[in-house]
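Novice: Got a structure here, written out as structure tokens. Questions coming.
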Amino acid sequence: MGNFKFLLVLMAVVPSVLAQETSFPPLFEGIFTWMKDGLNHYYSEPKDIGLPKSEYDFIIVGAGSAGCVLANRLTEVEDWSILLIEAGREENFLMDIPVLVNFFQFTEANWKYRTVPSNEACLGMKERRCNIPRGKVMGGSSVLNYMIFTRGHRKDYDIWEKMGNDGWGYKDVLPYFIKSERVEFPNADYKFRGSSGPQSVSQIPYRSPIGRAFVHAGVKMGFKEIDPNGERQQGFHYIQASMHNGTRMSTSRAYLHPIRSRKNLHVLKRSHVTRLLIRPGSNIVYGVEYLRNGKKYAVTARKEVILSAGAVNTPQILMLSGIGPQDELKKLGVPLVKALPVGYNLMDHVALGGFEVNVNAKNIKVPSTDRILNSAQDMYDFAEFRIGPVASPGGIEAIAFVDLSAPSDPDGHPDLELMLSFGSLHSEPTLQDNFGITDLIYNEAYRYRSEAFSVYPMILRPKSRGRVWLKNKNPRSKPLIDMGYFSNPVDIEILTKGINFTKSLLKQAPFKALKPTLDFSKIQIPGCKQHRADSDKYWECHARHLPFTIYHQSGTCKMGKASDPTTVVDSRLKVHGMKNLRVIDASIFPEIPASHPNGVVIMIAEKASDMIKQDYGDLVSDAISFNFLMAKKNEIMDQAN
């Protein structure tokens with residue numbers, strides 16, 4: 001943590017230093033120039049209104065991946081007034097340094113949720129509880145995540161449509177993926193990509209020998225090197241990220257900074273929404289109540305309240321307002337407004353942690369955060385040119401999407417993801433605290449330093465479900481979370497097959513130059529030694545001890561028809577049985593897509609913005625771009641068919 005604290009000190013002194021007319025060595029000159037640019041980003045964030053008006057047309061709760069998009073698109077209608085409320089503080093430029101991504105889970109930018117103790121999973125975590133990081137900052141979890149930008153497979157959205165969600169098939173969502181993004185690298189599948197949207201998408205400006213070996217090994221196995229956001233998703237690729245010029249491009253930077261001067265947008269920061277205001281004797285929502293500096297306030301909405309607080313906070317607000325499971329609300333003494341299965345259907349992409357491979361080639365040094373931050377050359381490359389390992393998000397370099405049942409089918413619907421990271425538990429002690437691993441497991445299996453990299457096999461289409469529910473009526477209390485990891489045995493089967501696939505990959509010729517240790521029986525953790533090393537039973541035990549969340553919590557306000565008793569919102573994202581209330585965030589996923597969801601949530605908010613404009617007769621404000629996108633979508637689909 002020493003290097004991180006040093007950077008914090010630099011952040012505190014840099015404004016006064018920049019005011020001096022002094023010559024610096026090239027390294028420091030580059031760093032100070034970069035910091036000056038960072039401060040400019042900080043000052044371009046919309047200011048905290050402090051004391052809002054008493055009433056707005058729309059109130060958006062949560063300035064995360066969805067809320068920032070909604071604030072931008074709804075304020076395009078100049079007659080509408082919008083209040084965006086965020087519980088967290090401003091994003092700062094240190095948060096935009098990709099290699100530091102692990103550290104910000106320890107700050108107030110994270111809600112710091114943990115699961116309830118489990119006997120089925122998280123067995124190797126402190127108190128048998130997994131950490132669940134969620135963003136509490138302008139930009140939300142797009143400031144805490146690893147910036148990986150993918151869309152998923154077309155079947156993901158056709159499945160949504162078949163589940164009763166008209167207008168959510170692939171042909172319907174594709175225009176909004178295109179509308180949202182600005183691709184900033186060559187060789188993309190431009191027929192399916194956008195080039196003029198707010199959200200920058202870049203490739204990482206760094207390639208390690210490990211990352212190259214991973215992608216080349218995939219090609220050696222018969223897979224294609226792909227654009228994962230293009231026509232097909234099965235294959236290997238270097239990651240695409242929500243980045244611009246080597247730094248994080250959160251949704252706040254992408255969607256809010258450019259509109260900070262719009263007079264019909266007010267932003268309220270450090271304000272925690274506690275409940276909805278609902279007219280007595282009706283289901284009409286007319287505003288929200290929030291806490292700020294320990295005091296309670298209220299603000300009303302003429303048209304709608306939109307909950308975009310994420311898959312944990314959105315259901316919490318609904319349940320505190322009397323919208324949720326009837327029996328549970330009754331037990332807590334929360335007056336029932338509408339009985340709905342709020343908080344159920346919780347999904348996540350869970351990976352097996354601690355699968356690490358030692359590199360024995362003496363000429364190859366595996367990058368680590370300490371090594372990178374102590375390298376004058378790496379720091380200079382980033383400060384001056386925004387390249388090098390500092391621009392790599394937590395060491396994640398490359399990804400494979402694999403359909404285990406049809407690996408040779410280019411149109412396969414992936415159920416397994418492999419993430420390649422040059423970071424490892426052996427070289428990154430911070431990861432122990434990121435995931436909450438017990439000292440017993442960490443000290444015995446991972447504390448010794450070595451040149452090692454990690455591969456994370458991850459379940460892309462999980463069958464297991466968890467839930468979120470209230471601990472009590474106090475809005476300051478954290479809700480209870482049970483991820484339900486591995487409650488469906490199919491998920492364990494996929495994960496063990498994924499480990500066997502990973503072992504085959506590592507034996508391919510491109511990895512030989514690294515001289516990797518391929519005796520996987522040496523990977524053994526306390527609590528699983530009763531199983532034969534490197535057996536499926538061992539890996540199942542290992543997975544149950546060290547399940548790593550990939551921060552993709554979703555599904556707790558499931559979208560579907562009102563006749564489906566498992567759903568909370570309809571296909572226009574209106575809460576069943578309520579008026580003037582929508583949910584627009586990852587909560588609405590009926591099934592989690594085979595992708596990292598940040599780009600998916602951005603798409604949902606783009607599409608929902610047009611729905612709202614349609615509902616109020618104001619889509620004409622964006623009609624030209626909308627019609628262009630629909631025409632392009634039809635052209636692509638015609639060619640694909």
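For all residues, glycine too, the Cβ spot is worked out from N, Cα and C.
When I checked TrEMBL for this same protein, it listed these features:
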- 1-19: signal peptide (SIGNAL)
- V137, V273: FAD binding site (BINDING)
- 310-324: domain 'Glucose-methanol-choline oxidoreductase N-terminal' (DOMAIN)
- H552: active site, proton donor (ACT_SITE)
- H596: active site, proton acceptor (ACT_SITE)
Novice: Under 8 Å between C-beta atoms and at least six apart in sequence, can you list the same-chain neighbours of the residue listed as 'active site, proton acceptor', or say none if there are none?
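Specialist: Expected: N145, Y146, I148, F149, T150, H349, I550, H552.
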Novice: List every residue in the same chain as V273 (FAD binding site), at least 6 positions away in sequence, whose Cβ is under 8 Å from its Cβ.
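Specialist: Set apart from V273 (FAD binding site) by at least 6 residues yet with Cβ under 8 Å, we have V61, I85, A87, V288, E289, Y290, A309, I317.
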Novice: Between 0 and 100, where does the mean pLDDT of the domain 'Glucose-methanol-choline oxidoreductase N-terminal' (310-324) sit?
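Specialist: The average pLDDT of the model in the domain 'Glucose-methanol-choline oxidoreductase N-terminal' (310-324) works out to 99.
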Novice: Sequence gap of 6 or more, C-beta under 8 Å: which same-chain residues meet both conditions with respect to V137 (FAD binding site)?
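Specialist: Result: E86, G88, R89, E90, E91, M95, A109, V143, L144.
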Novice: Residue counts in helix (H, G, I), strand (E, B) and coil for the domain 'Glucose-methanol-choline oxidoreductase N-terminal' (310-324), per DSSP?
Specialist: 11 helix, 2 strand, 2 coil
